[in-house]
Amino acid sequence: EVYFKNLSKQKQKEVMEKNGNNHKLRVCVATCNRADYSKLAPIMFGIKAEPQFFELDVVVLGSHLIDDYGNTYRMIEQDDFDIHTRLHTIVRGEDEAAMVESVGLALVKLPDVLNRLKPDIMIVHGDRFDALALATSAALMNIRILHIEGGEVSGTIDDSIRHAITKLAHYHVCCTRSAEQHLIAMCEDHDRILLAGCPSYDKLLSAKNKDYMSIIRMWLGEDVKTRDYIVALQHPVTTDIKHSIKMFELTLDALISFNKRTLVLFPNVDAGSKEMVRVMRKKGIEHHPNFRAVKHVPFDQFIQLVAHAGCMIGNSSCGVREVGAFGTPVINLGTRQTGRETGENVLHVRDADTQDKILHALQLQFGKQYPCSKIYGDGNAVPRILKFLKSIDLKEPLQKKFCFPPVKDNISQDIDHILETQSALAVDLGGTNLRVAIVSMKGEIVKKYTQLNPKTYEDRLALILKMCVEAASEAVNVNCRILGVGISTGGRVNPREGIVLHSTKLIQEWSSVDLRTPISDALHLPVWVDNDGNCAALAERKFGHGKGVENFVTLITGTGIGGGIVHQHELIHGSSFCAAELGHIVVSLDGPECLCGSQGCIEAYASGIALQREAKKLHDDDLLLVEGMSMKEEEIVSAAHLIQAAKLGNTKAESILRTAGTALGLGVVNILHTVNPSLVILSGVLANHYVNAVKDVINRQALSSVKTVDVVVSNLADPALLGAASLVLDYTTRRIY
């Protein structure tokens with residue numbers, strides 16, 4: 001202990017030398033009401049008692065100067081303090097607007113006062129709106145702020161104001177260990193936080209043994225005994241004024257029914273106080289024989305009154321803080337003090353919505369005696385605060401620093417991770433299935449949903465919306481941020497308007513359909529729509545062989561034949577959105593009929609439907625099955641059976657596939673001679689069966705200048721979904737990065 005005392009003296013000596021040996025710390029204490037003066041007065045007495053270290057300036061404002069609230073500035077004068085400035089800052093009205101106007105009026109008046117006083121430090125207490133004006137003015141005028149009672153938790157708007165003052169203040173004096181931890185959690189510098197206890201406890205803990213009976217008789221009558229009266233102090237709750245007035249009315253009804261002598265103090269100047277006073281007068285409290293209604297009681301006398309009361313009731317912080325020092329029973333009503341640390345003497349009635357609840361609480365608490373609580377102080381706060389003030393180095397930078405806790409590196413802040421988690425909803429409308437997937441920026445299909453494609457427009461659109469909503473909800477769980485919706489569909493599409501103009505025969509009731517509007521309205525996301533062949537080309541451009549290639553063509557070989565053309569890195573749609581209908585390039589004037597109504601199209605030779613047609617013909621003539629093949633009676637003949645038969649040596653199946661490959665190869669030669677791409681990508685389930693045939697036709701039929709073209713098979717597992725996703729990802733990321 002001696003070591004730390006000597007260390008403290010040495011530090012104070014060093015600070016005095018830094019600040020200049022003759023410089024006294026000029027401290028401005030601003031007090032706004034009777035409650036904060038009870039906390040500030042002990043500090044003011046301590047500062048006044050050490051004139052060799054401090055100069056004290058006292059500024060009085062707020063309800064101190066209002067007659068309706070007792071003109072409490074007089075008790076400051078009675079304590080022999082010189083009031084340097086009186087500021088009338090309260091705009092009457094006792095409603096929310098009046099509180100705001102009062103803050104504004106204080107902000108207008110305070111700069112002149114602070115310019116004149118030029119304090120080194122301003123001491124601000126608590127969580128009142130007047131205190132917020134004081135802290136704001138001092139912070140903006142580069143005056144250091146010492147905040148008393150920061151870090152505490154309670155209800156109403158006071159919490160927000162208290163924490164706002166904390167962020168403006170440079171130094172903090174707190175009353176409890178929890179408050180200290182809250183300040184540290186709010187990133188305040190631990191070296192600038194003092195756990196001192198509540199200054200009012202310095203007076204409380206030495207006051208109980210003084211003569212109190214004369215004080216009790218003066219305020220409550222000659223016939224009143226100790227522990228046989230009640231002190232009531234209730235303020236409006238500014239965030240729920242109507243409910244707090246109703247609660248006050250119920251409290252008065254309960255006190256009238258309880259029939260004990262009661263000292264009722266008028267509420268503070270907050271919004272709603274005028275209505276509470278009106279309730280008191282309506283119930284005749286000021287003239288009721290059991291009640292004494294007063295605007296103000298000096299703090300010394302108030303201590304004696306609550307110390308010897310049978311009970312205190314209301315929602316004042318005094319009830320949960322100071323009264324605990326005497327073990328007096330307290331009934332805390334409502335939410336105004338929610339979160340405050342309390343002793344066992346406090347009974348909370350959070351939802352005081354009936355008179356009976358409050359009356360029952362009075363019956364439980366009245367006349368009890370609880371152990372004294374020292375949660376908020378041990379009686380030595382002021383010496384600690386004065387020592388703390390002496391340690392302040394005025395040559396330190398004024399700009400306060402926040403001590404943010406170490407934060408673990410968050411990979412989501414890295415640009416690569418952002419690109420990975422940015423995702424698209426991809427929709428693929430096929431002839432058989434309807435699929436929706438969450439696709440990441442890197443082309444990973446994170447989640448996929450598959451349903452049979454309904455036959456009617458209404459059912460199909462409803463199912464798309466349902467699946468998209470489900471996928472969008474799931475995206476949150478898999479850490480994906482959906483940028484938009486991309487839709488791949490068969491048929492001719494106007495991508496500018498998001499409308500399917502004409503559909504293939506495989507998808508019924510799917511012409512002149514606006515897909516963008518209903519899906520965008522439902523999901524609140526942008527929507528892109530394009531033909532499935534174009535989407536396959538986009539998938540290759542972003543994720544596949546076409547990445548970085550300026551000119552290439554993609555051919556889809558599946559149920560039908562489609563594709564997309566990329567020229568100078570851009571997809572070609574054509575003047576009527578009919579470009580790249582590659583399946584309908586005619587390669588024979590008298591070939592088989594195509595689903596489009598024409599004859600000799602590539603699709604009529606090389607599509608899955610065309611191969612299935614030829615396989616059925618062979619099967620009907622008993623020419624399909626060869627040794628090593630078998631089919632069940634109910635099994636439907638498909639293109640797969642034709643391919644299997646060709647592999648097992650069926651010459652007719654081989655001939656059909658050869659013809660299909662030649663037709664596709666001739667179509668590719670026409671494409672080469674028309675747009676001259678450097679790359680042809682074959683995609684779809686039949687691509688591997690056609691690639692060699694296509695290369696052979698190019699070598700035989702193409703001009704020598706285009707024979708060097710690369711023909712490759714796509715390595716993408718799901719080009720339709722990936723292409724739909726790339727509609728979103730290419731556009732949105734181009735806009736963002």
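Backbone N, Cα and C atoms are what each Cβ position is placed from, and that goes for glycine too.
Those TrEMBL annotations? Automatic predictions, nothing curated.
The domain 'UDP-N-acetylglucosamine 2-epimerase' annotation in TrEMBL covers 53-390. For R492, T504, D532, E581, H584, E603, the entry in TrEMBL reads N-acyl-D-mannosamine binding site. Taken from TrEMBL, the feature active site applies to D532. Per TrEMBL, the feature Zn(2+) binding site maps to H584, C594, C596, C601.
Structural mapping of features recorded in TrEMBL.
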residue	record	Cβ contacts under 8 Å, 6 or more apart
R492	N-acyl-D-mannosamine binding site	V500, L501, H502, N531, S576, F577, C578, E581
T504	N-acyl-D-mannosamine binding site	G431, G490, G491, G560, L595
D532	N-acyl-D-mannosamine binding site	D428, L429, G430, S488, T489, G490, I556, G562, A720, G723
H584	N-acyl-D-mannosamine binding site	C594, C596, S598, C601, I602, E603
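Each of the binding-site residues E581, E603 was scored by other CB atoms within 10 A of its CB, and the lowest score goes to E581. With respect to Cβ neighbours within 10 Å, the binding-site residues C594, C596, C601 differ, and C596 shows the lowest count. Largest Cα-to-Cα span within the N-acyl-D-mannosamine-binding set R492, T504, D532, E581, H584, E603: 16 Å. Other residues of the chain with a Cβ within 8 Å of the Cβ centroid of R492, T504, D532, E581, H584, E603, the N-acyl-D-mannosamine site, are G490, G491, N531, G533, G560, I561, G562, G583, C596. Apart from H584, C594, C596, C601, the Zn(2+) site neighbourhood in this chain, defined by C-beta within 8 angstroms of the site C-beta centre, holds G583, V586, L595, G597, S598, I602, E603, A604.
Summarising model confidence by region, the domain 'UDP-N-acetylglucosamine 2-epimerase' (53-390) averages a pLDDT of 91.
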